[in-house]
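Chemist: First the structure, which I've put down as structure tokens, then a few questions once you've had a look.
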Amino acid sequence: MTILILTDNVHAHALAVDLQARHGDMDVYQSPIGQLPGVPRCDVAERVAEIVERYDLVLSFHCKQRFPAALIDGVRCVNVHPGFNPYNRGWFPQVFSIIDGQKVGVTIHEIDDQLDHGPIIAQRECAIESWDSSGSVYARLMDIERELVLEHFDAIRDGSYTAKSPATEGNLNLKKDFEQLRRLDLNERGTFGHFLNRLRALTHDDFRNAWFVDASGRKVFVRVVLEPEKPAEA
């Protein structure tokens, strides 16, 4: 059995290389817009016929390129998504889950013609703590993702799983929805809890996500640091 893994994510690429070393007979590529150094590129839109003929399974590990219908119809395609489908499907699930309180986790699912939507093969929830930021939740999601893929890989490879459709359609967030969160309106009214959730949702390592414009017209970037109190020693 020959498998194609497509990934644009450094963490997922490490997992793909691990699977390749363990199981062999796999090719690992990034999409045309990927930025992984030294990883060959594959434009699935231009190579559908070749992929369908050559591979028995296509795995998307955070691949940013949408799969054409002809590819989905021609070969089994499975996606590994860092979200708990059907909640906050699409762009940066943990960001929106910190804000709206919906579940977050990792979902392995068959790919259909909609985004993060197909029948679910396996999934695992990740808790969000009051002191979490997008970055800290995402780090745990990557650990869960690795565990879940390794646990279910044999079934994914062989197709010996039972997939189930999501109970509801859920909701979908696109890149434009994330971009709308980034600019902070200093005159916006609301609770401090709401604003804190938004700031920690936009805090992700060194990324300059949240910003406001000060009185001089200068853009000012904002991150928050949350540190839980250590439990008292007995």
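Just so it is clear, glycine is given a Cβ too, placed from its N, Cα and C backbone atoms.
In case it helps, Swiss-Prot gives these features for our protein:
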type	residues	note
ACT_SITE	His81	active site, proton acceptor
BINDING	Asn9, His62, Cys63, Lys64, Gly90, Trp91, Phe92, Pro93, Gln94, Asn209	dTDP-4-amino-4,6-dideoxy-alpha-D-glucose binding site
BINDING	Gln65, Arg66, Phe67, Asp112, Asp116, Lys175	(6R)-10-formyltetrahydrofolate binding site
Chemist: Find the longest CA to CA distance in the recorded dTDP-4-amino-4,6-dideoxy-alpha-D-glucose-binding set Asn9, His62, Cys63, Lys64, Gly90, Trp91, Phe92, Pro93, Gln94, Asn209; express it in Å as a whole number.
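Modeler: If we measure all Cα pairs in Asn9, His62, Cys63, Lys64, Gly90, Trp91, Phe92, Pro93, Gln94, Asn209, the largest is 22 Å.
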Chemist: Here are some binding-site residues: Asp112, Asp116. Which one has the most Cβ atoms within 10 Å of its Cβ?
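Modeler: Answer returned by the neighbour count: Asp116.
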Chemist: Do me a favour and check the Cα-Cα span between Asp116 ((6R)-10-formyltetrahydrofolate binding site) and Gln94 (dTDP-4-amino-4,6-dideoxy-alpha-D-glucose binding site); whole Å is fine.
Modeler: 14
Chemist: Measure from the CA atom of Phe92 (dTDP-4-amino-4,6-dideoxy-alpha-D-glucose binding site) to the CA atom of Gln65 ((6R)-10-formyltetrahydrofolate binding site) and give the result in Å, rounded to a whole number.
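Modeler: Rounded to a whole number, the Cα-Cα distance is 15 Å.
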